[in-house]
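Marked as domain 'Glycosyltransferase RgtA/B/C/D-like' by TrEMBL: 44-201. The transmembrane segment annotation in TrEMBL covers 62-83, 90-110, 116-133, 154-175, 181-201, 266-284, 291-310, 316-338, 345-365.
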Amino acid sequence: MIIAIGIRLFFMSPYPHGWDAIDFILGIKYYDLSLMQPHFPGYPIYIWLGKFINHWVGNEELSLALLSAICGGLSIIPFYLLVKRIFNKRVALLAGIYLTFSSLHLILSAKIMSDMMGTLFILFFLYLTYLSWQETKYKKWYLLSSAAVLGFGLGVRISYFPYFILLLISLILWYREKKKLKVIFLTLLSFISSISIWLSWQVIRAGGLLNFLKIAIDFTLGHFNDWGGTLVTDNSLGLRLIKLIYNNILVAGLGFYQAGDSISRLILSGFILVGIISFIFKVELTNKEKLFLFSWFGPYFLWVVFGQNVAKPRHIITLVPLFLILVIVGLDKILAYFKNRISYLSYGVLILVLIITSVSLVGTYNDTYPPVVKLSHYLGNNFNSTKTVIYTFEEERVIDYYYPELIIKRVRKVSDFYTSVLSLPNKPDNILMTNAVYNSLIKQENDLNKYLKPIKQWEGKMLLYPVYNQIILYKGNAKIYNYIQNY
């Protein structure tokens with residue numbers, strides 16, 4: 001655990017570079033859902049702990065970076081305890097090492113995001129849930145505490161709500177075995193009470209229930225019908241599944257090979273394939289173990305498929321530990337057929353490859369400016385803020401954070417772009433846009449391409465910046481304003 005936390009503290013990124021990260025930083029300064037500080041659902045537990053750390057640190061960015069690093073390291077504890085309980089100490093130790101050096105886990109531990117705290121809560125919930133399925137004298141207390149942990153966990157990331165199904169399964173198992181409704185009632189009360197603590201605070205801060213519901217409905221509609229990257233706006237279930245399984249789980253989560261990767265990732269891919277195949281064909285589980293692992297996987301996986309943005313691997317971070325278990329248990333089963341020397345050598349190679357692949361990646365993340373931050377500095381240092389207008393998508397929040405004096409507009413439709421340009425009080429000297437906007441507008445009005453030319457480009461690794469790993473800045477030529485006027 002000390003090593004896990006230490007590594008994550010060492011590689012903390014000092015550069016906020018995402019919409020959510022900026023929302024969280026602003027939320028520490030002044031919490032207001034109506035101003036998207038942060039955006040709905042508000043992440044109250046995450047913000048509370050961030051504020052607590054910031055009281056001592058005095059720097060919002062550093063406080064939230066520390067929170068991610070510490071929670072990322074601490075999440076190894078419940079994971080280790082859970083695997084040890086289901087399998088054995090050796091498997092738990094190896095799985096814990098794998099999670100410690102998992103690329104996605106390390107990267108998210110370095111980012112200003114709520115994912116690591118959410119993962120910590122979910123892994124503790126899973127551990128307590130599994131204990132509540134065992135015959136012990138503390139069975140009911142494990143059940144009650146698991147409900148409370150899940151309730152508070154939803155105050156970190158409400159998108160983890162599908163794990164409530166696992167809690168319901170626990171209640172069904174309890175009733176089948178004990179036939180006692182009192183504990184079921186107390187468990188639900190524990191869950192509702194823990195939610196009420198953070199939800200009531202949010203309602204008060206939003207100015208009342210009606211205001212809170214309006215914010216919630218507006219954000220939810222936008223998430224599912226516009227910018228959320230869900231199946232509603234994606235329209236390709238097959239492509240989403242490929243991205244989710246290969247890009248997110250295998251490549252980002254487990255460290256699987258993709259074109260252009262190093263030989264170390266190719267070696268790691270061999271271990272992953274052998275482990276998964278061995279688990280499928282060689283490992284035998286009890287019915288209760290199968291139910292537990294499937295309940296961990298199924299409900300949340302379906303939610304990610306239909307309701308989350310599969311372009312962002314962070315949404316599957318709570319499933320990564322499950323797949324690490326499959327790999328390690330499968331490898332352990334295969335290597336049991338060989339002498340100890342071969343087993344130890346194989347595990348040594350696996351650990352070495354994990355360290356090489358993950359540490360170099362997160363080191364790059366720590367040492368270099370993200371593309372969107374480079375864009376922000378370029379704009380702030382090279383253009384007159386009163387004579388320039390910049391059109392972006394999500395980059396807007398980051399640019400505005402670093403250079404609030406710049407005029408930044410967020411548009412998706414070409415008609416909105418034209419209206420925005422013509423509604424400016426003065427004709428701008430520079431009309432700029434990022435490739436995210438450019439690609440969208442050109443699809444709607446191809447002739448616009450004649451008046452826009454790329455002037456600068458920044459790139460980063462896709463594993464580090466899944467969405468904005470390539471940013472191209474376009475500038476309108478001298479004729480673009482007249483073209484828009486005459487359109």
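Quick reminder: no glycine exception, Cβ is built from N, Cα and C everywhere.
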Contact between the transmembrane segment (90-110) and the transmembrane segment (154-175) (3 or more Cβ pairs under 8 Å, separation 6+): no
CB contact flag for the transmembrane segment (266-284) and the transmembrane segment (62-83), at least three pairs under 8 A: no
For the transmembrane segment (62-83), distant same-chain residues with Cβ under 8 A (at least six beyond the ends): 1, 4-9, 11-14, 21, 24-25, 28, 46, 49-51, 53-54, 91-93, 95-96, 99-100, 105-106, 108-113, 115-117, 119-120, 123-124, 126-127, 130, 321, 325, 328
